[in-house]
Amino acid sequence: MRRGWKMALSGGLRCCRRVLSWVPVLVIVLVVLWSYYAYVFELCLVTVLSPAEKVIYLIFYHAIFVFFTWTYWKSIFTLPQQPNQKFHLSCTDKERYENEERPEVQKQMLVDMAKKLPVYTRTGSGGQFIQSQLERQLSKDLRKAESCTSSAVRFCDRCHLIKPDRCHHCSVCAVCVLKMDHHCPWVNNCIGFSNYKFFLQFLAYSVLYCLYIATTVFSYFIKYWRGELPSVRSKFHVLFLLFVACMFFVSLVILFGYHCWLVSRNKTTLEAFCTPVFTSGPEKNGFNLGFIKNIQQVFGDNKKFWLIPIGSSPGDGHSFPMRSMNESQNPLLANEEPWEDNEDDNRDYPEDSSSLAVETET
């Protein structure tokens, strides 16, 4: 009986959390709807007297508004992409893994799986402890290989899968997300490989939307302030519209600038705070391919799609080109310094992943 009540309570709390998670989105929608009313009706149709000025203001406003709402919609309703089936443990392997009581055997099972997958990033925490445990159990040949690294294969014990490069588990969405950047409450969605381009476009058009409103409203704000226009209801909408536009512009331009910097370095927010670990060790510029190629990794090669919220990011989100591979193919890149923060960026890329310890990561 108590168990039933606990399950019902847990389900009710999850339902409440799902409903509350839409509150930030609702706030943004209400602010946008009010801004539309204030700009179109109170400013353009009531305050602005020149017909030509009304038409020009409305045409440019609606052009920006369409792209702003379009990108916001795509950011919200584009589901985060998850790893495909080959990264999951099979039913047989999952049963063996869960029934196996010896940790060292569980770790070896995951090592064998990692050999067949294109995963080259590792977790840097806890590797030394697991390595010391494995050294007591495994053969001499494997011990020799284990001593070459202190990193561990990234495994999610919630989703029961080996994480692809740049993939992380989102505790809010309760799934592993490919190239996860962060979970954004303002779109109630996880930002990752499938919708990062849309999120960047949303930030760009949001900045443009606020800037356009502020610049076109400013002259009428001055007129109201000086008393050149009659004090009617429109006055309060226009004054408050300028204040809200400037407030959002400042916060959005900072956030957009930060993500532009991340794109120029081909980093995610998580990678900016926690340096990714490769088979050769930690490397904060491991995915940095150069400015142009970094942009193409998000927006694609076809420039005509860069401003339109249509999926054009290259690849499938499971594997990504790396700086070390680019330098091995083109030795001239090894001498480039613009984006280099370490002197050890040019490293040989190990081909054998058997020399890896394993650690479960949530």
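Any Cβ shown, glycine's included, is placed from N, Cα and C.
Going by TrEMBL, these are the annotated features:
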type: COMPBIAS; residues: 337-346; note: compositional bias 'Acidic residues'
type: COMPBIAS; residues: 352-362; note: compositional bias 'Polar residues'
type: DOMAIN; residues: 154-272; note: domain 'Palmitoyltransferase DHHC'
type: REGION; residues: 318-362; note: region 'Disordered'
type: TRANSMEM; residues: 20-39; note: transmembrane segment
type: TRANSMEM; residues: 55-73; note: transmembrane segment
type: TRANSMEM; residues: 202-224; note: transmembrane segment
type: TRANSMEM; residues: 236-258; note: transmembrane segment
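On the 0 to 100 pLDDT scale, the domain 'Palmitoyltransferase DHHC' (154-272) averages 94 in the predicted structure.
Cβ atoms under 8 Å from those of the transmembrane segment (55-73) belong to residues 28, 32, 36, 39-40, 43-44, 48, 187, 198, 201-202, 205-206, 208-209, 212-213, 216, 307, 309 of the same chain, restricted to positions at least 6 beyond its ends. Per-class residue totals from DSSP over the domain 'Palmitoyltransferase DHHC' (154-272), listed helix then strand then coil: 68 helix, 17 strand, 34 coil. If you look at the transmembrane segment (20-39), the same-chain residues 6 or more away from its ends with a CB under 8 A from one of its CBs are 61, 65, 68-69, 72, 76, 172, 185-188, 213, 217, 237-238, 240-241, 244-245.
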